[in-house]
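Sharing a structure below in C-alpha coordinates format, with a few things to ask.
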Amino acid sequence: MGTCPTLSAMGALLWFRDDLRVQDNLALLAACESAEEVVAVYLLDEHSPEIRPLGGASKWWLHHSLKALHAELRALGIQLIFRTGAAREAIPALAKEVQASAVFWNRRYGASRAIDADIKQHLHHEGIQASSFPGHLLFEPWNIANKQGDPYKVFTPFWRACREQPAPAYPKDAPDPLGGTPSDFPTASLDQILPLPTWPHEFAQHWQPGAAGAYEALEDFLDHTIDEYADGRDVPALGHTSKLSPHLRFGEISPREVWHAVAEHPAHDSEGARVFLSELGWREFAWHTLYRHPDLATRGLDRRFDAMVWEHDPEGLTLWQQGKTGFGLVDAGLRELWRTGTMHNRVRMAAASLLVKNMMIDWRLGEQWFWDTLLDADEASNPFNWQWVAGCGADASPYFRIFNPETQQKKFDANGKYVNRWAPDWMAHTPVVDLRESRARALTAFDAIKGLPR
Ligand SMILES: Cc1cc2nc3c(=O)[nH]c(=O)nc-3n(C[C@H](O)[C@H](O)[C@H](O)COP(=O)(O)OP(=O)(O)OC[C@H]3O[C@@H](n4cnc5c(N)ncnc54)[C@H](O)[C@@H]3O)c2cc1C
(Lines of atoms letter the chains of each structure in order from A and count residues from 1; the text may use other names and numbers.)
(Lines give C-alpha, C1' and ligand atoms only; values in the text may rest on other atoms or scores of the structure.)
Protein backbone atom coordinates (compact mmCIF):
# COMPACT_ATOMS: atom_id res chain seq x y z
CA MET A 1 0.00 0.00 0.00
CA GLY A 2 3.07 2.29 0.39
CA THR A 3 2.19 5.92 1.03
CA CYS A 4 -1.47 5.48 0.13
CA PRO A 5 -3.42 8.14 2.11
CA THR A 6 -6.47 5.95 2.83
CA LEU A 7 -7.30 2.30 3.19
CA SER A 8 -8.89 0.47 0.29
CA ALA A 9 -12.67 0.13 0.21
CA MET A 10 -12.56 -2.89 2.52
CA GLY A 11 -10.05 -1.48 5.02
CA ALA A 12 -10.39 -1.97 8.78
CA LEU A 13 -9.14 -0.11 11.82
CA LEU A 14 -8.04 -2.27 14.76
CA TRP A 15 -7.99 -0.53 18.13
CA PHE A 16 -5.53 -2.01 20.68
CA ARG A 17 -6.08 -1.44 24.39
CA ASP A 18 -5.28 -4.12 27.01
CA ASP A 19 -4.63 -6.84 24.42
CA LEU A 20 -1.11 -6.19 23.12
CA ARG A 21 -0.63 -9.50 21.34
CA VAL A 22 -1.09 -11.15 17.97
CA GLN A 23 -1.82 -14.67 19.30
CA ASP A 24 -5.35 -15.43 20.45
CA ASN A 25 -6.50 -11.93 19.62
CA LEU A 26 -10.08 -12.25 18.41
CA ALA A 27 -10.43 -8.65 17.21
CA LEU A 28 -7.22 -8.93 15.18
CA LEU A 29 -8.36 -12.22 13.63
CA ALA A 30 -11.78 -10.82 12.73
CA ALA A 31 -10.22 -7.71 11.20
CA CYS A 32 -7.82 -9.76 9.10
CA GLU A 33 -10.55 -12.17 8.00
CA SER A 34 -12.99 -9.51 6.94
CA ALA A 35 -10.76 -6.77 5.54
CA GLU A 36 -8.27 -6.52 2.70
CA GLU A 37 -6.19 -3.99 4.59
CA VAL A 38 -5.81 -3.38 8.29
CA VAL A 39 -4.28 -0.49 10.19
CA ALA A 40 -3.93 -0.63 13.97
CA VAL A 41 -3.89 2.13 16.55
CA TYR A 42 -2.83 2.52 20.15
CA LEU A 43 -4.44 5.63 21.59
CA LEU A 44 -3.03 6.95 24.85
CA ASP A 45 -6.19 8.36 26.39
CA GLU A 46 -5.53 10.53 29.43
CA HIS A 47 -8.49 12.80 28.76
CA SER A 48 -11.67 10.72 29.03
CA PRO A 49 -13.13 10.97 32.54
CA GLU A 50 -13.68 7.19 32.68
CA ILE A 51 -9.98 6.46 32.13
CA ARG A 52 -7.58 6.24 35.05
CA PRO A 53 -4.27 7.67 33.81
CA LEU A 54 -1.51 5.07 34.00
CA GLY A 55 1.05 5.07 36.77
CA GLY A 56 4.76 5.58 36.08
CA ALA A 57 5.75 1.91 36.24
CA SER A 58 2.92 0.93 33.90
CA LYS A 59 4.09 3.52 31.39
CA TRP A 60 7.54 1.99 31.40
CA TRP A 61 6.04 -1.43 30.66
CA LEU A 62 3.62 -0.14 28.06
CA HIS A 63 6.37 1.67 26.15
CA HIS A 64 8.37 -1.53 25.75
CA SER A 65 5.34 -3.68 25.14
CA LEU A 66 4.11 -1.44 22.31
CA LYS A 67 7.56 -1.50 20.77
CA ALA A 68 7.42 -5.29 20.65
CA LEU A 69 3.85 -5.27 19.30
CA HIS A 70 4.78 -2.74 16.61
CA ALA A 71 7.40 -5.15 15.25
CA GLU A 72 5.08 -8.17 15.43
CA LEU A 73 2.32 -6.34 13.58
CA ARG A 74 4.74 -5.12 10.93
CA ALA A 75 5.68 -8.70 10.22
CA LEU A 76 1.95 -9.32 9.60
CA GLY A 77 1.79 -6.37 7.20
CA ILE A 78 -0.01 -4.07 9.67
CA GLN A 79 1.03 -0.56 10.66
CA LEU A 80 0.58 0.36 14.34
CA ILE A 81 -0.20 4.07 14.69
CA PHE A 82 0.36 5.91 17.98
CA ARG A 83 -1.98 8.74 18.93
CA THR A 84 -3.11 10.60 22.04
CA GLY A 85 -6.50 12.09 22.86
CA ALA A 86 -9.97 11.38 24.17
CA ALA A 87 -11.24 8.20 22.54
CA ARG A 88 -14.80 9.41 21.88
CA GLU A 89 -13.42 11.97 19.45
CA ALA A 90 -10.11 10.41 18.41
CA ILE A 91 -11.29 6.96 17.30
CA PRO A 92 -14.16 8.04 15.03
CA ALA A 93 -11.90 10.79 13.64
CA LEU A 94 -9.17 8.29 12.85
CA ALA A 95 -11.66 5.86 11.30
CA LYS A 96 -12.72 8.66 8.98
CA GLU A 97 -9.15 9.77 8.28
CA VAL A 98 -8.11 6.31 7.10
CA GLN A 99 -11.55 5.73 5.55
CA ALA A 100 -12.05 2.47 7.42
CA SER A 101 -15.25 0.61 6.68
CA ALA A 102 -15.07 -1.24 10.01
CA VAL A 103 -13.47 -0.84 13.45
CA PHE A 104 -12.57 -3.81 15.66
CA TRP A 105 -11.57 -4.06 19.31
CA ASN A 106 -11.47 -6.44 22.27
CA ARG A 107 -13.70 -5.53 25.19
CA ARG A 108 -12.84 -3.66 28.37
CA TYR A 109 -14.72 -4.27 31.61
CA GLY A 110 -14.37 -1.15 33.77
CA ALA A 111 -15.86 2.33 33.54
CA SER A 112 -14.38 2.72 30.04
CA ARG A 113 -17.18 0.46 28.73
CA ALA A 114 -19.27 3.62 28.51
CA ILE A 115 -16.74 5.11 26.08
CA ASP A 116 -16.82 2.01 23.91
CA ALA A 117 -20.63 1.96 23.82
CA ASP A 118 -20.72 5.62 22.76
CA ILE A 119 -18.14 5.06 20.04
CA LYS A 120 -19.96 2.01 18.72
CA GLN A 121 -23.14 4.01 18.42
CA HIS A 122 -21.34 6.93 16.78
CA LEU A 123 -19.62 4.70 14.23
CA HIS A 124 -22.85 2.91 13.34
CA HIS A 125 -24.41 6.29 12.82
CA GLU A 126 -21.59 7.13 10.39
CA GLY A 127 -22.16 3.88 8.51
CA ILE A 128 -18.99 2.29 9.89
CA GLN A 129 -19.25 -1.21 11.29
CA ALA A 130 -17.98 -1.61 14.89
CA SER A 131 -17.34 -5.06 16.36
CA SER A 132 -16.11 -6.03 19.83
CA PHE A 133 -14.85 -9.38 21.11
CA PRO A 134 -14.13 -11.12 24.43
CA GLY A 135 -11.14 -9.31 25.91
CA HIS A 136 -8.82 -10.34 28.69
CA LEU A 137 -10.99 -12.59 30.86
CA LEU A 138 -11.76 -16.30 30.94
CA PHE A 139 -15.51 -15.77 31.31
CA GLU A 140 -17.62 -12.77 30.33
CA PRO A 141 -18.92 -11.18 33.57
CA TRP A 142 -22.57 -11.19 32.49
CA ASN A 143 -22.43 -15.00 32.12
CA ILE A 144 -21.53 -15.66 35.76
CA ALA A 145 -24.36 -15.08 38.21
CA ASN A 146 -26.10 -16.96 41.00
CA LYS A 147 -29.55 -18.57 40.75
CA GLN A 148 -31.22 -15.22 41.42
CA GLY A 149 -29.20 -13.67 38.59
CA ASP A 150 -27.09 -11.63 41.03
CA PRO A 151 -23.31 -11.44 40.95
CA TYR A 152 -21.38 -13.56 43.45
CA LYS A 153 -19.95 -11.81 46.47
CA VAL A 154 -17.90 -14.75 47.76
CA PHE A 155 -15.01 -16.32 45.90
CA THR A 156 -15.66 -20.06 46.44
CA PRO A 157 -19.16 -20.20 44.89
CA PHE A 158 -18.02 -17.73 42.21
CA TRP A 159 -15.15 -19.95 41.15
CA ARG A 160 -17.31 -23.08 41.38
CA ALA A 161 -19.80 -21.44 39.02
CA CYS A 162 -16.97 -20.54 36.62
CA ARG A 163 -15.64 -24.10 36.68
CA GLU A 164 -19.12 -25.42 35.86
CA GLN A 165 -19.13 -23.37 32.66
CA PRO A 166 -17.74 -24.87 29.44
CA ALA A 167 -13.93 -24.47 29.45
CA PRO A 168 -12.69 -21.13 28.11
CA ALA A 169 -12.37 -21.13 24.32
CA TYR A 170 -9.24 -22.76 22.94
CA PRO A 171 -6.70 -20.08 21.97
CA LYS A 172 -6.50 -19.08 18.32
CA ASP A 173 -3.30 -18.70 16.36
CA ALA A 174 -2.10 -15.38 15.00
CA PRO A 175 -3.48 -14.56 11.54
CA ASP A 176 -1.40 -15.17 8.42
CA PRO A 177 0.48 -12.11 7.22
CA LEU A 178 -1.58 -9.85 4.97
CA GLY A 179 -0.07 -9.44 1.51
CA GLY A 180 1.73 -6.17 0.81
CA THR A 181 3.63 -3.69 2.94
CA PRO A 182 2.15 -1.95 5.98
CA SER A 183 0.45 1.40 5.43
CA ASP A 184 2.18 4.67 6.15
CA PHE A 185 -0.33 6.87 7.96
CA PRO A 186 0.92 9.77 10.08
CA THR A 187 1.79 8.62 13.57
CA ALA A 188 3.31 10.06 16.73
CA SER A 189 6.43 8.30 17.96
CA LEU A 190 6.40 6.07 20.99
CA ASP A 191 8.84 8.44 22.72
CA GLN A 192 6.40 11.29 22.15
CA ILE A 193 3.34 9.61 23.57
CA LEU A 194 5.10 7.59 26.26
CA PRO A 195 8.46 9.07 27.27
CA LEU A 196 10.26 6.60 29.51
CA PRO A 197 10.22 7.54 33.21
CA THR A 198 13.74 8.04 34.55
CA TRP A 199 13.53 6.28 37.94
CA PRO A 200 13.14 2.60 36.92
CA HIS A 201 16.86 1.80 36.63
CA GLU A 202 16.55 -1.88 37.40
CA PHE A 203 13.29 -2.91 35.73
CA ALA A 204 14.96 -4.19 32.57
CA GLN A 205 17.12 -6.57 34.63
CA HIS A 206 14.00 -8.27 35.94
CA TRP A 207 11.49 -8.10 33.12
CA GLN A 208 11.04 -8.55 29.41
CA PRO A 209 7.82 -6.77 28.37
CA GLY A 210 6.09 -8.19 25.29
CA ALA A 211 4.67 -11.53 24.20
CA ALA A 212 8.09 -13.23 23.94
CA GLY A 213 8.71 -12.44 27.63
CA ALA A 214 5.23 -13.69 28.51
CA TYR A 215 5.73 -17.06 26.82
CA GLU A 216 9.15 -17.40 28.42
CA ALA A 217 7.66 -16.75 31.88
CA LEU A 218 4.88 -19.28 31.24
CA GLU A 219 7.27 -21.93 29.98
CA ASP A 220 9.63 -21.38 32.87
CA PHE A 221 6.76 -21.71 35.33
CA LEU A 222 5.42 -24.89 33.73
CA ASP A 223 8.87 -26.46 33.38
CA HIS A 224 10.25 -25.63 36.81
CA THR A 225 7.74 -24.25 39.28
CA ILE A 226 4.21 -25.57 38.95
CA ASP A 227 5.00 -28.60 41.15
CA GLU A 228 6.29 -26.34 43.93
CA TYR A 229 3.59 -23.70 43.54
CA ALA A 230 1.06 -24.85 46.16
CA ASP A 231 3.60 -24.58 49.01
CA GLY A 232 6.23 -22.32 47.52
CA ARG A 233 3.98 -19.48 46.38
CA ASP A 234 3.84 -18.02 49.88
CA VAL A 235 7.58 -17.85 50.46
CA PRO A 236 8.91 -14.58 49.04
CA ALA A 237 12.57 -15.64 48.86
CA LEU A 238 11.75 -18.66 46.68
CA GLY A 239 10.10 -16.82 43.81
CA HIS A 240 7.95 -19.90 43.10
CA THR A 241 5.25 -18.01 41.23
CA SER A 242 4.66 -17.45 37.53
CA LYS A 243 5.59 -13.72 37.22
CA LEU A 244 2.87 -13.50 34.61
CA SER A 245 0.88 -10.63 36.12
CA PRO A 246 2.23 -7.67 34.08
CA HIS A 247 2.03 -9.76 30.91
CA LEU A 248 -1.60 -10.57 31.69
CA ARG A 249 -2.24 -6.96 32.66
CA PHE A 250 -1.27 -5.69 29.21
CA GLY A 251 -2.77 -8.65 27.43
CA GLU A 252 0.51 -9.86 25.94
CA ILE A 253 -0.76 -13.32 26.69
CA SER A 254 -4.42 -14.19 27.12
CA PRO A 255 -5.71 -15.96 30.24
CA ARG A 256 -7.20 -18.54 27.85
CA GLU A 257 -3.69 -19.40 26.66
CA VAL A 258 -2.47 -19.73 30.25
CA TRP A 259 -5.49 -21.84 31.18
CA HIS A 260 -5.03 -24.29 28.30
CA ALA A 261 -1.26 -24.51 28.76
CA VAL A 262 -1.91 -25.66 32.33
CA ALA A 263 -4.71 -28.01 31.25
CA GLU A 264 -2.36 -29.69 28.75
CA HIS A 265 0.55 -29.94 31.18
CA PRO A 266 1.37 -33.38 32.68
CA ALA A 267 0.85 -31.81 36.15
CA HIS A 268 -2.65 -30.57 35.29
CA ASP A 269 -4.23 -32.67 38.06
CA SER A 270 -1.74 -31.64 40.73
CA GLU A 271 -2.38 -29.41 43.72
CA GLY A 272 0.00 -26.84 42.19
CA ALA A 273 -2.11 -26.61 39.03
CA ARG A 274 -5.36 -26.42 41.00
CA VAL A 275 -4.10 -23.60 43.24
CA PHE A 276 -2.58 -21.74 40.29
CA LEU A 277 -5.84 -21.85 38.32
CA SER A 278 -7.71 -20.61 41.38
CA GLU A 279 -5.33 -17.62 41.47
CA LEU A 280 -6.41 -16.89 37.91
CA GLY A 281 -9.88 -17.24 39.42
CA TRP A 282 -9.11 -14.42 41.89
CA ARG A 283 -8.05 -12.27 38.95
CA GLU A 284 -11.33 -13.11 37.30
CA PHE A 285 -13.28 -12.36 40.50
CA ALA A 286 -11.60 -8.94 40.77
CA TRP A 287 -12.56 -8.05 37.18
CA HIS A 288 -16.12 -9.32 37.54
CA THR A 289 -16.41 -7.21 40.70
CA LEU A 290 -15.13 -4.13 38.85
CA TYR A 291 -17.65 -4.78 36.09
CA ARG A 292 -20.46 -4.41 38.66
CA HIS A 293 -18.71 -1.68 40.67
CA PRO A 294 -16.79 0.68 38.38
CA ASP A 295 -15.99 2.88 41.41
CA LEU A 296 -13.95 0.11 43.05
CA ALA A 297 -10.85 2.32 43.48
CA THR A 298 -12.69 5.06 45.30
CA ARG A 299 -15.40 3.47 47.44
CA GLY A 300 -15.46 0.43 49.72
CA LEU A 301 -18.03 -2.18 48.74
CA ASP A 302 -18.94 -2.35 52.41
CA ARG A 303 -20.60 1.02 52.87
CA ARG A 304 -19.92 1.06 56.62
CA PHE A 305 -16.38 2.06 55.71
CA ASP A 306 -17.64 5.40 54.35
CA ALA A 307 -17.76 6.42 58.02
CA MET A 308 -14.27 5.17 58.97
CA VAL A 309 -12.08 7.94 60.36
CA TRP A 310 -8.58 7.54 58.92
CA GLU A 311 -5.38 9.08 60.28
CA HIS A 312 -3.97 12.09 58.46
CA ASP A 313 -0.31 11.05 58.56
CA PRO A 314 1.69 12.20 55.50
CA GLU A 315 4.98 11.48 57.26
CA GLY A 316 3.94 7.95 58.11
CA LEU A 317 2.80 7.43 54.51
CA THR A 318 6.18 8.58 53.21
CA LEU A 319 8.06 6.25 55.58
CA TRP A 320 5.87 3.39 54.39
CA GLN A 321 6.39 4.27 50.71
CA GLN A 322 10.15 4.43 51.23
CA GLY A 323 10.28 1.13 53.11
CA LYS A 324 11.39 2.71 56.40
CA THR A 325 8.68 1.47 58.75
CA GLY A 326 11.03 -0.55 60.95
CA PHE A 327 9.22 -3.80 60.05
CA GLY A 328 11.58 -5.96 58.02
CA LEU A 329 9.15 -7.80 55.76
CA VAL A 330 7.19 -4.66 54.92
CA ASP A 331 10.30 -2.55 54.30
CA ALA A 332 11.80 -5.25 52.09
CA GLY A 333 8.58 -5.43 50.07
CA LEU A 334 8.30 -1.71 49.50
CA ARG A 335 11.91 -1.48 48.41
CA GLU A 336 11.54 -4.50 46.15
CA LEU A 337 8.58 -2.69 44.64
CA TRP A 338 10.50 0.52 44.00
CA ARG A 339 13.45 -1.25 42.43
CA THR A 340 11.76 -4.02 40.45
CA GLY A 341 8.17 -2.86 39.88
CA THR A 342 6.71 -5.78 41.77
CA MET A 343 6.24 -7.14 45.26
CA HIS A 344 5.56 -10.70 46.33
CA ASN A 345 1.86 -11.34 47.04
CA ARG A 346 2.37 -12.40 50.67
CA VAL A 347 4.35 -9.21 51.28
CA ARG A 348 1.75 -7.06 49.48
CA MET A 349 -0.78 -8.33 52.03
CA ALA A 350 1.49 -7.64 55.01
CA ALA A 351 2.51 -4.19 53.73
CA ALA A 352 -1.08 -3.19 52.98
CA SER A 353 -2.30 -4.42 56.36
CA LEU A 354 0.35 -2.42 58.24
CA LEU A 355 -0.67 0.74 56.40
CA VAL A 356 -4.42 0.34 56.71
CA LYS A 357 -4.86 -1.37 60.05
CA ASN A 358 -1.87 -0.48 62.23
CA MET A 359 -1.16 2.97 60.80
CA MET A 360 -4.87 3.59 60.12
CA ILE A 361 -4.06 5.30 56.80
CA ASP A 362 -6.84 5.26 54.19
CA TRP A 363 -6.50 2.19 51.90
CA ARG A 364 -6.98 4.44 48.87
CA LEU A 365 -3.61 6.13 49.53
CA GLY A 366 -1.84 2.78 49.54
CA GLU A 367 -3.75 1.75 46.44
CA GLN A 368 -2.60 4.90 44.67
CA TRP A 369 1.04 4.21 45.56
CA PHE A 370 0.78 0.69 44.17
CA TRP A 371 -1.01 2.10 41.10
CA ASP A 372 2.00 4.27 40.39
CA THR A 373 4.77 1.78 41.17
CA LEU A 374 3.47 -1.70 40.29
CA LEU A 375 4.11 -2.98 36.78
CA ASP A 376 1.02 -5.18 37.03
CA ALA A 377 -1.27 -2.46 38.44
CA ASP A 378 -4.69 -2.90 36.93
CA GLU A 379 -7.95 -1.14 37.62
CA ALA A 380 -9.59 -4.27 39.02
CA SER A 381 -6.97 -6.33 40.88
CA ASN A 382 -5.33 -3.42 42.67
CA PRO A 383 -8.35 -1.80 44.31
CA PHE A 384 -9.99 -5.21 44.76
CA ASN A 385 -7.02 -6.52 46.76
CA TRP A 386 -6.63 -3.31 48.74
CA GLN A 387 -10.28 -3.53 49.69
CA TRP A 388 -9.78 -7.18 50.55
CA VAL A 389 -6.97 -6.32 52.98
CA ALA A 390 -8.82 -3.31 54.38
CA GLY A 391 -11.86 -5.45 55.12
CA CYS A 392 -14.32 -3.49 53.01
CA GLY A 393 -14.15 -5.54 49.78
CA ALA A 394 -15.65 -8.67 48.24
CA ASP A 395 -15.09 -11.79 50.37
CA ALA A 396 -12.68 -9.62 52.33
CA SER A 397 -10.41 -10.53 55.16
CA PRO A 398 -12.45 -9.30 58.17
CA TYR A 399 -11.35 -5.99 59.58
CA PHE A 400 -10.49 -7.57 62.93
CA ARG A 401 -8.03 -10.02 61.30
CA ILE A 402 -4.85 -7.97 61.47
CA PHE A 403 -1.64 -9.36 60.02
CA ASN A 404 1.25 -9.21 62.46
CA PRO A 405 4.24 -8.26 60.26
CA GLU A 406 6.73 -9.79 62.70
CA THR A 407 4.92 -13.13 62.81
CA GLN A 408 4.58 -13.05 59.02
CA GLN A 409 8.32 -12.48 58.72
CA LYS A 410 9.12 -15.39 61.05
CA LYS A 411 6.72 -17.67 59.23
CA PHE A 412 7.48 -16.83 55.60
CA ASP A 413 11.07 -15.58 55.73
CA ALA A 414 12.48 -17.55 58.63
CA ASN A 415 16.07 -17.46 57.36
CA GLY A 416 15.84 -13.73 56.54
CA LYS A 417 16.88 -14.27 52.93
CA TYR A 418 14.20 -12.03 51.44
CA VAL A 419 14.44 -9.26 54.03
CA ASN A 420 18.23 -9.16 53.87
CA ARG A 421 18.18 -8.99 50.12
CA TRP A 422 15.96 -5.90 49.90
CA ALA A 423 16.21 -4.13 53.26
CA PRO A 424 19.35 -5.25 55.08
CA ASP A 425 19.23 -2.06 57.21
CA TRP A 426 15.61 -2.41 58.32
CA MET A 427 16.52 -2.56 62.01
CA ALA A 428 18.02 0.92 61.81
CA HIS A 429 14.50 2.35 61.49
CA THR A 430 12.31 2.99 64.51
CA PRO A 431 9.02 1.09 64.15
CA VAL A 432 6.31 3.49 63.00
CA VAL A 433 3.79 1.92 65.39
CA ASP A 434 3.58 -0.21 68.48
CA LEU A 435 1.91 -3.35 67.12
CA ARG A 436 -0.17 -4.12 70.19
CA GLU A 437 -1.42 -0.57 70.75
CA SER A 438 -2.12 0.06 67.08
CA ARG A 439 -4.04 -3.19 66.84
CA ALA A 440 -6.25 -2.16 69.75
CA ARG A 441 -6.80 1.26 68.14
CA ALA A 442 -7.85 -0.38 64.85
CA LEU A 443 -10.31 -2.66 66.61
CA THR A 444 -11.84 0.31 68.43
CA ALA A 445 -12.21 2.18 65.14
CA PHE A 446 -13.98 -0.80 63.63
CA ASP A 447 -16.25 -1.12 66.66
CA ALA A 448 -17.43 2.42 65.94
CA ILE A 449 -18.70 1.53 62.44
CA LYS A 450 -19.65 -2.11 62.67
CA GLY A 451 -23.28 -1.45 63.61
CA LEU A 452 -23.88 0.77 60.57
CA PRO A 453 -25.74 -0.54 57.52
CA ARG A 454 -23.51 -2.27 54.96
C1 LIG B 1 -2.66 -5.05 48.13
C2 LIG B 1 -2.53 -5.90 46.88
C3 LIG B 1 -2.54 -5.29 45.62
C4 LIG B 1 -2.47 -6.07 44.46
N5 LIG B 1 -2.48 -5.45 43.23
C6 LIG B 1 -2.46 -6.21 42.10
C7 LIG B 1 -2.51 -5.59 40.81
O8 LIG B 1 -2.63 -4.38 40.67
N9 LIG B 1 -2.45 -6.40 39.71
C10 LIG B 1 -2.35 -7.76 39.82
O11 LIG B 1 -2.29 -8.45 38.80
N12 LIG B 1 -2.32 -8.36 41.03
C13 LIG B 1 -2.37 -7.63 42.16
N14 LIG B 1 -2.32 -8.26 43.39
C15 LIG B 1 -2.40 -9.74 43.44
C16 LIG B 1 -1.08 -10.51 43.47
O17 LIG B 1 -0.22 -9.99 44.45
C18 LIG B 1 -0.36 -10.53 42.11
O19 LIG B 1 -1.25 -10.90 41.09
C20 LIG B 1 0.80 -11.54 42.14
O21 LIG B 1 1.71 -11.21 43.16
C22 LIG B 1 1.51 -11.54 40.79
O23 LIG B 1 2.59 -12.42 40.79
P24 LIG B 1 2.59 -13.70 39.84
O25 LIG B 1 2.20 -13.31 38.47
O26 LIG B 1 3.90 -14.38 40.02
O27 LIG B 1 1.39 -14.52 40.50
P28 LIG B 1 1.02 -16.07 40.52
O29 LIG B 1 1.01 -16.50 41.95
O30 LIG B 1 1.84 -16.85 39.58
O31 LIG B 1 -0.51 -16.05 40.05
C32 LIG B 1 -0.90 -16.23 38.69
C33 LIG B 1 -1.75 -15.08 38.25
O34 LIG B 1 -2.97 -15.05 38.98
C35 LIG B 1 -3.38 -13.71 39.18
N36 LIG B 1 -3.49 -13.45 40.61
C37 LIG B 1 -2.85 -14.07 41.61
N38 LIG B 1 -3.27 -13.61 42.81
C39 LIG B 1 -4.20 -12.66 42.54
C40 LIG B 1 -5.01 -11.83 43.36
N41 LIG B 1 -4.97 -11.86 44.69
N42 LIG B 1 -5.84 -10.95 42.75
C43 LIG B 1 -5.93 -10.89 41.40
N44 LIG B 1 -5.19 -11.68 40.59
C45 LIG B 1 -4.34 -12.55 41.14
C46 LIG B 1 -2.35 -12.82 38.52
O47 LIG B 1 -2.79 -12.49 37.23
C48 LIG B 1 -1.12 -13.72 38.47
O49 LIG B 1 -0.24 -13.40 37.44
C50 LIG B 1 -2.38 -7.49 44.57
C51 LIG B 1 -2.37 -8.07 45.84
C52 LIG B 1 -2.44 -7.29 46.98
C53 LIG B 1 -2.46 -7.97 48.32
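For all residues, glycine too, the Cβ spot is worked out from N, Cα and C.
Pulled the feature table from TrEMBL, pasting it below:
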type	residues	note
BINDING	Tyr229, Thr241, Ser242, Lys243, Leu244, Ser245, Phe276, Asp376, Ala377, Asp378	FAD binding site
DOMAIN	10-138	domain 'Photolyase/cryptochrome alpha/beta'
SITE	Trp310	site 'Electron transfer via tryptophanyl radical'
SITE	Trp363	site 'Electron transfer via tryptophanyl radical'
SITE	Trp386	site 'Electron transfer via tryptophanyl radical'
Restricting the comparison to the recorded sites Trp310, Trp363, Trp386, which residue's C-alpha is spatially nearest the C-alpha of Tyr229 (FAD binding site)?
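Checking each of Trp310, Trp363, Trp386 against Tyr229 (FAD binding site), the shortest Cα distance is to Trp386.
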If I take the Cα of Phe276 (FAD binding site) as reference, which of the recorded sites Trp310, Trp363, Trp386 has the closest Cα?
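Its closest listed neighbour, by Cα, is Trp386.
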Taking ligand 1 as the reference, state which of the recorded positions Tyr229, Trp310, Trp363 have a Cβ closer than 6 Å to one of its atoms.
none
Using DSSP with the three-state reduction, classify Ser242 (FAD binding site) as helix, strand or coil.
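Note: Ser242 (FAD binding site) is coil by DSSP, not helix or strand.
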Out of Ser242, Leu244, Ala377, which of these binding-site residues is nearest Trp310 (site 'Electron transfer via tryptophanyl radical') by C-alpha distance?
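Given the candidates Ser242, Leu244, Ala377, the nearest one is Ala377.
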Where among the recorded sites Trp310, Trp386 do you find the Cβ with the fewest other Cβ atoms within 10 Å?
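Checked Trp310, Trp386; of these recorded sites, fewest Cβ neighbours within 10 Å: Trp310.
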Where among the recorded positions Tyr229, Phe276, Trp363 do you find the Cβ with the fewest other Cβ atoms within 10 Å?
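So among Tyr229, Phe276, Trp363, the recorded positions given, the one with the fewest Cβ atoms within 10 Å is Tyr229.
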For Ala377 (FAD binding site), list the number of other Cβ atoms lying within 10 Å of its Cβ atom.
26
Just give the helix, strand and coil counts over the domain 'Photolyase/cryptochrome alpha/beta' (10-138), going by DSSP.
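For the domain 'Photolyase/cryptochrome alpha/beta' (10-138), the helix, strand and coil counts are 53 helix, 30 strand, 46 coil.
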Look up Trp386 (site 'Electron transfer via tryptophanyl radical') in the DSSP assignment and reduce it to helix, strand or coil.
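In the DSSP reduction, Trp386 (site 'Electron transfer via tryptophanyl radical') maps to helix.
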